[in-house]
Amino acid sequence: MDAASRLECPSWAWERFRAAYGDGVDAELRALQLDAPLDLRVNTLKATRHEALAAIRSAGFAAERTPYSPVGIRLPSRAVALGAIPGLREGVVDPQDEGSQLVALLLGAKPGEHVVDYCAGAGGKTLALAAQMRNKGRLVAMDVDHARLERGAPRRKKAGVDNVQTHVIEQGKDNFDRVLVDAPCSGVGAWRRNPDARWLRRTRPIEELLPVQAEVLQRAARLVRPGGTLVYATCSLLPEENEAQVEAFLASADGAEFELAPPEHFGAPFDDGYLRLSPARHGCDGFFGAALVRSEGGWTRRGRRTAGASC
Ligand SMILES: C[S@@+](CC[C@H](N)C(=O)[O-])C[C@H]1O[C@@H](n2cnc3c(N)ncnc32)[C@H](O)[C@@H]1O
């Protein structure tokens, strides 16, 4: 059996993985063949991690703290009756992979701020952002897909979140403190969760996704106020969807106003300024995150003025 077949890697992805990971390709793809654990995010609007963990353990579950996310709890297997997990029905805990939790934390949203979740979908990360904001301030969940946004409503109700407005994207204004772009992607980082996803190709082909990602990043960036933060994230392990998109954006006219700004204190490791998580190295789903800060309106990295230009 050839390596791609043994590692269950579809042909469209094989050369991309080999180019990105070289000798490490076996380890990355083998980790994607293992079953994922069940990660829960504690809704800190309703409980602390300490309280939620104690309740889950006293119901007989072997639960641990996640290694990087300060609000995560890990159960070793997803083969459990979800309804039996204390707090799940009440919105005290919500199933969410640790990598997804970390991407939401990377935005650094604070109570009272104006924040956009730009590719909000059914709102997994919206809930994480609302908890960071202590349910205070304005959180706008945007997406092109109205039906997905609608599916977030019962989840927000269960979580006790009421600072969220939804908005079907047409165009926006640049006045938000923080914008999260959880871009549509190939999803290869989440292959552990849906073993058939790699073969069924429910997502669009990567060649179609790459220009969408670039456009989404450009558009979302226009919503960020000067001095504000933009996070670009995917659940992909492929550089084309990740650092290559960020680098192309930073090299563009709009991107020249932004700088890569990894946080100084963050629970998970950064690598060349990027959050790069993989099942092989971190035990969570494969996620990528880049935090960018928009200049206050003065000089750009290339020495041009972006606001109040006087030339
Ligand atoms: C990775 S999923 C979002 C998952 C969601 N953030 C969560 O944590 O539950 C990507 C989302 O991007 C949306 N999307 C696709 N094209 C888009 C576009 N051009 N602008 C904004 N959102 C888009 C899709 O509808 C989808 O909901």
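Just so it is clear, glycine is given a Cβ too, placed from its N, Cα and C backbone atoms.
As recorded in TrEMBL, the features of this protein are as follows:
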- C235: active site, nucleophile (ACT_SITE)
- D143, D182: S-adenosyl-L-methionine binding site (BINDING)
- 28-295: domain 'SAM-dependent MTase RsmB/NOP-type' (DOMAIN)
Item checked: Spatial separation of C235 (active site, nucleophile) from D182 (S-adenosyl-L-methionine binding site) - C-alpha basis, Å -> 8
Notebook entry, point to check: Using Cα coordinates, what distance in whole Å links D143 (S-adenosyl-L-methionine binding site) and C235 (active site, nucleophile)?
Noted result: 17
Check: What is the total of other Cβ atoms whose distance to the Cβ of the residue listed as 'active site, nucleophile' is within 10 Å?
Finding: 24
Notebook entry, point to check: CB neighbours of D182 (S-adenosyl-L-methionine binding site) within 10 A?
Noted result: 25
